[in-house]
Amino acid sequence: MLYHLGFIIVSLLIIVIPLLISVAYFTLVERKFMGSMQRRRGPNVVGFMGLLQPLADGLKLFAKETILPSNANIVLFVLAPIITFVLSLMGWIVIPFGEGAVVSDINVGILYLFAISSLSVYGIITAGWSSNSKYPFLGALRSAAQMVSYEVSIGFIIVTVVICAGSFNLSTIVLAQSKIWFIIPLFPMFIMFFISALAETNRHPFDLPEAEAELVSGYNVEYSAMGFALFFLGEYANMLIMSGMTTILFLGGWLPLFDIMPLNLIPGPVWFSIKLSIFVIAFIWARAALPRYRYDQLMSLGWKAFLPLSLGWLLFTVACLISFNWLPE
Amino acid sequence: MPNYLFYIFAGISIIAALMVITVVNPVHSVLFLVLVFLSSAGMLFVLQLEFIPLTFIIVYVGAIAILFLFVVMMLDIKVTSKSNDFFKYIPVGGLVGSLFIFEIFNTLSKSFVIPKSTMLVDNFVSWVSTVDKVTNLEALGQLLYTYYFIYFLIAGIILLVAMVGAIVLTLQFNKTVKNQLIFRQLSRSADSAVFLARN
């Protein structure tokens with residue numbers, strides 16, 4: 001019993017600590033990368049070439065004063081960032097980093113990830129409501145509507161991949177791609193999944209919830225210090241988990257590019273990290289390069305373009321699989 | 001261990017269900033409703049069902065309760081006095097509640113067989129499942145798409161009818177509102193837009 005509990009705690013720490021470090025360096029990569037896209041240096045003062053900048057930022061947020069607005073609903077106001085942060089950590093226990101390198105290899109892993117990402121709306125909407133202020137409320141409503149809309153097309157895309165792989169288990173989905181990665185037969189779905197992931201994590205060009213010009217900063221206007229830091233960490237961990245999901249669903253997870261001699265000597269988790277970093281860079285690239293969508297355009301893209309196309313492609317995939325007798329198992 | 005977890009989840013769901021009807025603030029009561037959904041999903045997880053509680057969370061918590069919360073947050077929240085209403089509603093509410101409990105117990109005792117020794121501890125070994133491992137998901141799929149496919153199709157048609165009904169109720173053909181057609185905007189070129197004005 002005690003041994004089992006200790007095993008759980010150690011495995012969770014093995015997941016959570018590298019995750020927090022990678023979130024910290026994600027912010028540094030974002031600032032450096034955007035700096036070089038905009039022909040400036042980015043952070044370069046704290047530490048060697050600015051490498052200690054995220055730690056300094058974290059320390060600053062930790063040392064600041066937590067302000068609780070007097071008209072806020074205090075319980076929900078305190079609870080909202082905790083919900084967001086915990087939900088962003090919960091998804092990682094089913095992500096396979098390599099063959100067998102997964103905390104909990106459950107047989108409905110992809111559904112679990114989908115359920116967790118659909119729960120993460122609650123952190124945002126309770127933050128917006130409990131702040132009792134108009135900008136957070138508008139930001140939270142926008143964000144919730146956006147996330148609910150794009151979840152529909154994400155669901156259809158996941159179903160398409162699951163039908164091709166024949167399992168809801170993430171490791172089996174990766175192993176089903178050992179002949180060919182799903183990015184090649186399902187390329188339009190891959191593009192749509194990545195765009196939906198941008199919308200689901202409230203990133204540019206779909207960052208309507210925190211449109212600086214209109215809503216100051218959206219749902220987290222009233223938060224300071226650790227509350228804000230938890231939202232920030234949760235948001236970036238969500239981006240990492242969406243990148244990980246794209247990698248697992250379409251880019252063959254830990255599998256090497258070709259199963260030949262020099263490439264398959266590189267261990268699986270390294271391949272997984274390389275593929276995940278591609279999407280991290282793509283997230284930052286989209287932020288630096290693209291202007292923000294208008295809200296009605298965002299909704300019409302989600303409901304009138306992505307939903308019919310993903311539904312149609314699902315039917316097309318099923319028809320192909322049945323008519324050529326390619327269904328797995 | 002799993003038994004204790006089951007009772008913990010059951011206790012949370014009962015307390016949260018009581019809070020749903022006693023809490024004054026409607027937003028709080030919707031959030032307690034979400035807690036009821038989550039803890040009952042946890043109960044199903046403890047009973048080793050994986051697929052049903054996950055779809056339960058995705059559909060009810062991820063979509064329906066969100067829309068609920070949306071509507072409640074938009075309302076002008078009034079703190080109503082509870083004391084008078086309680087005795088006014090107790091005859092009807094008590095009747096409906098006792099009928100419901102009677103029906104549930106009647107159905108449960110007829111359709112499920114409870115093991116004699118203890119509840120919730122399965123002390124029999126299902127030898128079939130040790131030889132032929134079928135996961136929860138596969139078992140459900142095998143039943144749903146073979147024996148019960150007609151009910152599956154009927155459920156789909158009912159949902160379609162509900163969707164069409166909702167669209168018909170909310171769609172308003174309004175001639176005065178000008179819509180933006182992206183295709184028309186994008187296909188506009190200089191030839192059709194720029195011309196010389198002559199008298």
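Backbone N, Cα and C atoms are what each Cβ position is placed from, and that goes for glycine too.
Database features (TrEMBL):
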type	residues	note
TRANSMEM	A:6-29	transmembrane segment
TRANSMEM	A:74-97	transmembrane segment
TRANSMEM	A:109-129	transmembrane segment
TRANSMEM	A:150-168	transmembrane segment
TRANSMEM	A:180-199	transmembrane segment
TRANSMEM	A:236-258	transmembrane segment
TRANSMEM	A:270-290	transmembrane segment
TRANSMEM	A:302-327	transmembrane segment
Same-chain residues at least 6 beyond the ends of the transmembrane segment (A:270-290) whose Cβ lies under 8 Å from its Cβ atoms: 26, 29-30, 33-34, 37-38, 97-98, 194, 198, 201, 203-205, 239-240, 242-244, 246-247, 251-257
Stretch in A:6-29, A:150-168, A:180-199, A:302-327 most in contact with the transmembrane segment (A:109-129), if contact is a CB pair under 8 A: A:150-168
Stretch with greatest number of CB pairs under 8 Å, the transmembrane segment (A:302-327) reference, A:6-29, A:150-168, A:180-199 candidates: A:150-168
